[in-house]
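Participant: The structure is given below, and queries will be raised subsequently.
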Amino acid sequence: MNINVAELLNGNYILLLFVVLALGLCLGKLRLGSIQLGNSIGVLVVSLLLGQQHFSINTDALNLGFMLFIFCVGVEAGPNFFSIFFRDGKNYLMLALVMVGSALVIALGLGKLFGWDIGLTAGMLAGSMTSTPVLVGAGDTLRHFGMESRQLSLALDNLSLGYALTYLIGLVSLIVGARYLPKLQHQDLQTSAQQIARERGLDTDANRKVYLPVIRAYRVGPELVAWTDGKNLRELGIYRQTGCYIERIRRNGILANPDGDAVLQMGDEIALVGYPDAHARLDPSFRNGKEVFDRDLLDMRIVTEEVVVKNHNAVGKRLAQLKLTDHGCFLNRVIRSQIEMPIDDNVVLNKGDVLQVSGDARRVKTIADRIGFISIHSQVTDLLAFCAFFVIGLMIGMITFQFSTFSFGMGNAAGLLFAGIMLGFMRANHPTFGYIPQGALSMVKEFGLMVFMAGVGLSAGSGINNGLGAIGGQMLIAGLIVSLVPVVICFLFGAYVLRMNRALLFGAMMGARTCAPAMEIISDTARSNIPALGYAGTYAIANVLLTLAGTIIVMVWPGLG
């Protein structure tokens, strides 16, 4: 039996789609030196090659893909978006605006200089900035811009062509820039990171190991009684001196949870909770020959929970003001916008931040109730909320505004982005509403993006040879300019106008470009994860601004003549 693969794929859109995805994802795992191609470029290359052979796909699949992707971008940005927009993220907001705004202006100028159409110009902007949200926003606006069918088809083909030709240029140039730009300025990045560490008293070790607290029991002997000198637990400050917390005391056979007024007596058996290294550093008066193994004394449920910051008495406070250790709890991680932050006592908490806290189950629950809520470790997605807000986003995108003979609307991209932000924001405020496991959200976002990339590649593939020969050199030059010049402008603005610490500034610059590989290079150069503070500050707002940039470039293009 002979199987005509070409006819089989042409006759089955679903089969063609998943063949493109499978081959593209395999290609995306290849590495060029230290650079991995990535899923997006892998799927795009395969779809362009198959598009050259005149394979095509139903445009409805393409539309659904970009809608799912942009909605999930909004959901991820939602918990931190408003706190960055309205409060102490002024510098980060300004940096993101400078980065995106300068790239937009430069792209418009180069597009007019080289005589490109809006499709090539917007695609070049998206590729040079390695930003799929720009591509999605521009594509959606083009479809709702009232072009005739043939002109629209050409613009969309050129959009994906411009993206394909400049994506690797943008990625490689930014990674190279992240490696060498810190060496060209007069302040050493490692020194800047250490300066912040000294000012804020935080750990500069990017590879800090995180242990769970353990519980061990000791009998109070004469040396320990002498060491306490009659002081109660509050006066002693056991945690400050030892790094351990007295969780239980057995006295005369009675087990109790001590308060701050308790005074240790000869023969008491105490349960200490702390990290392993804290137990190792205990004074010999605690340890030598004094450890006991008492089932009841050691029978404690030590848990680790992810606590979401929500309540007004925690939002806007510094981490040190929570006094977690005074309540017998230990902080392991601080996560903002899926980015792990340095544990810094001076970090100002935003609504939606996640604190990984360990300790006795009762104490962790008490802390969680005081500052927010324990994240639901559920694998069940609130599909009702997901679908309802998706519908709301589509309805917002249908709204149009009429000015004389000119009309414009938000479009599906902006509508879905706004609805996603609102769902993410409400989830951060109401623990039982709109829950979407991070794994499920990432899967839907990635799948939507891959479907979209497959669609645009198949659509543009037939014209890539002609386009590459005619404008390849121009695209190379434009891609380098749009990728690197806004980074330099952003650096000058942050260093000499905002006067930011260089470690935080370089992290914020990579966040404004939403480029994780470049962020890793900055952290390696600084030998610290302190730049992650800046990266998290600009990342969420940049995702939103980049989507809007895709819409704006299409809307202002006709007015430039």
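Glycine too: its Cβ is placed from the backbone N, Cα and C atoms.
From Swiss-Prot, here are the annotated features:
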type	residues	note
TRANSMEM	8-28	transmembrane segment
TRANSMEM	32-52	transmembrane segment
TRANSMEM	66-86	transmembrane segment
TRANSMEM	94-114	transmembrane segment
TRANSMEM	158-178	transmembrane segment
DOMAIN	200-288	domain 'RCK C-terminal 1'
DOMAIN	292-373	domain 'RCK C-terminal 2'
TRANSMEM	383-403	transmembrane segment
TRANSMEM	406-426	transmembrane segment
TRANSMEM	451-471	transmembrane segment
TRANSMEM	475-495	transmembrane segment
TRANSMEM	540-560	transmembrane segment
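Could you give the neighbours, burial and distances for every feature on this list?
Facilitator: Distant neighbours of the transmembrane segment (8-28): 36-47, 50, 55-58, 61, 450-451, 453-454, 457-458; these residues of the same chain sit at least 6 beyond its ends, with a Cβ under 8 Å from one of its Cβ atoms.
If one looks beyond the transmembrane segment (32-52) by at least 6 residues along the same chain, the residues whose Cβ comes under 8 Å of a Cβ in the stretch are 9, 16, 20-21, 23-26, 132, 160, 163-164, 167-168, 171-172, 175, 446, 449-450, 453-462, 464-465, 517.
Taken as a whole, the domain 'RCK C-terminal 2' (292-373) shows an average pLDDT of 83 in this prediction.
Taking Cβ pairs closer than 8 Å, the transmembrane segment (475-495) reaches residues 91, 94-95, 98-100, 102-103, 106-107, 110, 114, 124-125, 127-129, 162, 165-166, 169-170, 173-174, 177, 181, 185, 502, 505-506, 508-509, 512-513 in its own chain, all 6 or more past its ends.
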Participant: Which stretch from 94-114, 158-178, 383-403 shares the most C-beta pairs under 8 Å with the transmembrane segment (540-560)?
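Facilitator: Most contacts with the transmembrane segment (540-560): 94-114.
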Participant: In the same chain, who gets a Cβ under 8 Å from the transmembrane segment (158-178) while lying at least 6 residues past its ends?
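Facilitator: Sequence-remote neighbours of the transmembrane segment (158-178) are 35, 38, 40-41, 44-45, 48, 116-117, 119-130, 135, 138-139, 142, 456-457, 459-460, 463-464, 467-468, 471-472, 475-476, 478-480, 482-484, 487, 506, 510, 513, 515, 517-519, 521-522, 525.
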Participant: When the domain 'RCK C-terminal 2' (292-373) is classified with DSSP, how many of its residues are helical, how many are strand and how many are coil?
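Facilitator: For that range the per-state counts are 22 helix, 31 strand, 29 coil.
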Participant: The transmembrane segment (94-114): which same-chain residues, six or more beyond its ends, come within Cβ distance under 8 Å?
Facilitator: 120-122, 124-125, 128-129, 471, 474, 478, 481-482, 485-487, 489-490, 493-494, 498, 505, 508-509, 511-513, 538, 541-542, 545-546, 549, 552-553, 556-557, 560
